[in-house]
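Undergrad: One structure, pasted below without further comment.
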Amino acid sequence: MTARIGVITFPGTLDDRDTQRAVRTAGLEAVPLWHRDKDLKQVDAVILPGGFSYGDYLRAGAISRFSPVMESVIDQAKAGMPVLGICNGFQVLTETHLLPGAMLRNNHLHFICRDQKLRVENAETAWTRSYEQGQEINIPLKNIDGRYVADERVLDELEAEGRVVFRYEELNPNGSLRDIAGISNAAGNVVGLMPHPEHAVEPLIGTGRTDGLGFFTSILKRLVSA
Amino acid sequence: MARVVVDVMLKPEILDPQGQAVQRALPRLGFEGIADVRQGKRFELEVEGPVDDAALARIHEIAETFLANTVIEDFSVKVEVGEGADASAVKAES
């Protein structure tokens, strides 16, 4: 039996199918979860994919945070279940306070869509074990609310504890403080990032590289070793 | 029915590019002398029943947990009593 990875669909989620495909490409079983389900169907890990859940009304990720499925995700995440939030999923994770800080409108106010270089700053989290610390990866980025902010105390704490998992390389696309592209919780099982690894798992699409596949193979390593 | 107004503003230390874009457009439109603009959100809640302390406490909770993200935003709660009546303000900052 292979590991089961839940992929949650909220109203307005766009990248659930790509994420399910990426999960299968890594040799894992993708389990679709609906935002109104409280039952996580005994998955081993959960991914909150990108998109515009609830149309990003109020604030990006704010309404989804109160979906029934999120109650279960919050409980399980606190108990150690691996959770990955990609783009809108990252916004949902900050709104739930599973990750600190908040996401705001890009500093230039434009929607941005580009291939983005990232540096992997922490290869020890549940979702980054297939990478090496300091490795540079190139995966697509597409968002308008991608500016990560937190107060200085929180930023210092994240840096000191190695919880800045990814930083933007060459260009900061949205004004994120300290070039932060992704962070983790203290235990390292919850990770959020703005760029989209699920769009770079096959050479024919996305960046033409498979730099994103490591997220999905990392979780397999983690689940096998757990 | 009474109306309760919740105003939500980005905290002063948070960069507000939307407000800046508005401010930069003002001179082009011939409006001089505006040194800064910040953009926020206003929620008007029509409340069934009396707006007593308990109701206000609930609205405060709604504002704090949902309408505002207190990591980045401040909010205030104001009661507008009846139509056309003077607004009696109950302020609660976070």
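Using N, Cα and C of the backbone, Cβ positions are placed for all residues, glycine too.
So TrEMBL has the following annotated:
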- A:CYS87: active site, nucleophile (ACT_SITE)
- A:HIS196: active site (ACT_SITE)
- A:GLU198: active site (ACT_SITE)
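I'd like these features described in context: how deep, what's nearby, how far apart.
TA: DSSP assigns A:CYS87 (active site, nucleophile) to coil in the three-state reduction, placing it in neither a helix nor a strand.
A:HIS196 (active site) falls within neither a helix nor a strand when secondary structure is assigned with DSSP, and so counts as coil. Listed in sequence order, A:ASP15, A:ASP18, A:GLY50, A:ILE86, A:CYS87, A:ILE139, A:PRO140, A:LEU141, A:LYS142, A:GLY212 are the same-chain residues six or more apart from A:HIS196 (active site) with CB atoms under 8 A from its CB.
Neighbour list (A:GLU198 (active site), Cβ cut-off 8 Å, at least 6 residues apart, same chain): A:ASP15, A:ASP18, A:THR19, A:ARG21, A:ALA22, A:PRO49, A:GLY50, A:ILE86, A:GLY212, A:PHE215, A:PHE216.
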Undergrad: So if I draw a 10 Å sphere around the Cβ of A:CYS87 (active site, nucleophile), how many other Cβ atoms end up inside it?
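TA: I count 29 other Cβ atoms within 10 Å of it.
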